[in-house]
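Okay, so here's the structure we're looking at.
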Amino acid sequence: MGSRSDLPVMQAAADALAELGVPHEVRIVSAHRTPLHMLDYGRSAAGRGLRVLVAGAGGAAHLPGMLAAVTTLPVVGVPVPLRHLDGLDSLLSIVQMPAGVPVATVAVGNARNAGLLAARILATADPELQDRLARLAADAEATVLGHDAEVSGGPARAGDA
Ligand SMILES: Nc1c(C(=O)O)ncn1[C@@H]1O[C@H](COP(=O)(O)O)[C@@H](O)[C@H]1O
């Protein structure tokens, strides 16, 4: 993430990866404030064994795009909402990449989805991780069906008319 101030938003990405048992690191790297460190981090990432980068930043959020420019690893960008402009600035900075330098962008503030998307990318080569992701989706389904049963006053099953 671009700043320590992003941590309250970005923690959800790390939490999702931890829930799924995916080893990960949490780092603060800024294209603006630590450009040489950012270059070094991005260039060395694949060689250090990293396989996906999740990059979150707010405002003029150049970090995800600049990382994508110096690595061929997949980069998932998280627009972090700040006090001004509610994250729209960050969203547009991250999503409007020029052709040839892709960044997969999640919704403003939705770092959990960035963690889950990173896990799905890794799971294409990891059947056990695929199973864990399927269990997580089944848990979410059971929760919503439980809520449906609660508010409707009756047992609910998927596919009930
Ligand atoms: N957008 C970037 C970059 C970058 O893109 O390299 N580096 C820091 N920042 C963002 O500046 C915001 C304010 O940072 P401070 O709270 O440290 O002033 C943060 O959301 C950070 O991600």
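Each residue, glycine too, has its Cβ placed from N, Cα and C.
As recorded in TrEMBL, the features of this protein are as follows:
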| type | residues | note |
| --- | --- | --- |
| BINDING | S3, D6, R33 | substrate binding site |
| DOMAIN | 1-144 | domain 'PurE' |
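Excluding S3, D6, R33 themselves, the residues of that chain whose CB lies within 8 A of the CB mean position for the substrate site are, in sequence, M1, G2, R4, S5, I28, S30, A57, G58. Looking at the residues that bind substrate per the record, S3, D6, R33, the two CA atoms farthest apart are separated by 14 Å. Long-range C-beta contacts of R33 (substrate binding site), restricted to its own chain and to partners at least six residues apart, with a cutoff below 8 Å, comprise G2, S3.
On its own chain, D6 (substrate binding site) has G56, A57, G58, V80 as residues at least 6 apart in sequence with a Cβ closer than 8 Å to its own Cβ. Over the domain 'PurE' (1-144) the predicted model carries a mean pLDDT of 98.
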